[in-house]
Amino acid sequence: MQSSIQSITHNLPAFIQRPAIALLGQECYTTLVYNVDLSSSHCIKLAISKALGTGIIVFGSIMKIPQILNIVKARSARGISLTMYSLEVVAYTISLAYAVRGRLPFSTYGENLSLTFQNMVITLLVIAYTPLTAGGYVDPSSRLIQVLLAAIAMAFGSLALASPSVVSSSLLTLLQATTIPISLASKVPQMLELHRSKSRGQLSSIVVFAQLLGTVARVFTTMTETDDKLLLYGFGLATVFNAVIAAQVLMYWNNDQPPLAAQEKLDRQRYPAGKPTGNAHPISVAAHGETNRRSARKLD
């Protein structure tokens, strides 16, 4: 059986060999692929880590798209913490700069590139779609100045972190250490928001559980491929906090109530059906209803 597989692996075309060697390294490629030898636990762990890392990178490129679509579709950021996403942008941007400038294996941080950009987009959407009052409607164009200022701040911050002449390597290492408390602190506002509202709101369940699985996988890839304790501790603690948020989402899964339905319920409580309203003529009632409908259209 092994010899028959080797007859294939010994003749793999170059366009398959080269990426595989780049991913696994010459030693583990020869052991696992060329010789089909599964006795090396080191190479097997490395292969699993690389597979997980590649999967996270691919999935990470679209992981927060559901959250973006939720906000845009609902035209609301109800239930989403602006503080959480703002702090996540800071932490992700610092970690990305630290990994790139530290020349860490791309498979250990590749998703950070797309996730940083996605977090920036979500942060800007939350700024644009968060109403000033609970249940209120907000016109995104009225927040244009705030959105532009936030986008400019993100762009300049990213460029500064990428430049050794602006942020030295020693300072960047110090900043990377601060991403652990920043990342953890970014989860707390979302926990409090979920606890306060007892509802998921527009928070995407897919994103919540994907983040939990991603940090669990990153603990394994970090332990396998690098000796960086800062990254390991960060991913480990993030896993714990992501697990708490996931538990809250499950706890409040059936508590979601659209704002319109909640308002209708409140109206029914204030004006119960059958309550005497006087001796108004039916035509007058109809006219009053039509006036209300016209007013509603103007407000829309």
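Every residue gets a Cβ built from N, Cα and C, even glycine.
Taken from TrEMBL, the feature compositional bias 'Basic and acidic residues' covers 290-300.
If you look up TrEMBL, you'll see 266-300 marked as region 'Disordered'.
The transmembrane segment annotation in TrEMBL covers 82-100 (among others).
For 112-132 (among others), the entry in TrEMBL reads transmembrane segment.
Residues or ranges marked as transmembrane segment in TrEMBL: 144-161 (among others).
Taken from TrEMBL, the feature transmembrane segment applies to 206-224 (among others). The list of residues near the transmembrane segment (206-224) in space but at least 6 beyond its ends in sequence, with Cβ under 8 angstroms from a Cβ of it, reads 45-46, 48-49, 52-53, 55-56, 59-60, 63-64, 66-67, 107-108, 111, 231-232, 235-236, 238-239, 242-243, 245-246, 249.
According to TrEMBL, the transmembrane segment annotation covers 230-253 (among others). Among residues of the same chain six or more beyond the transmembrane segment (230-253), those with a C-beta under 8 A of the stretch's C-beta atoms are 95, 108, 176-177, 179-180, 183-184, 187-188, 190-191, 194-195, 197-200, 203, 205, 208-209, 211-212, 215-216, 218-219, 222-223.
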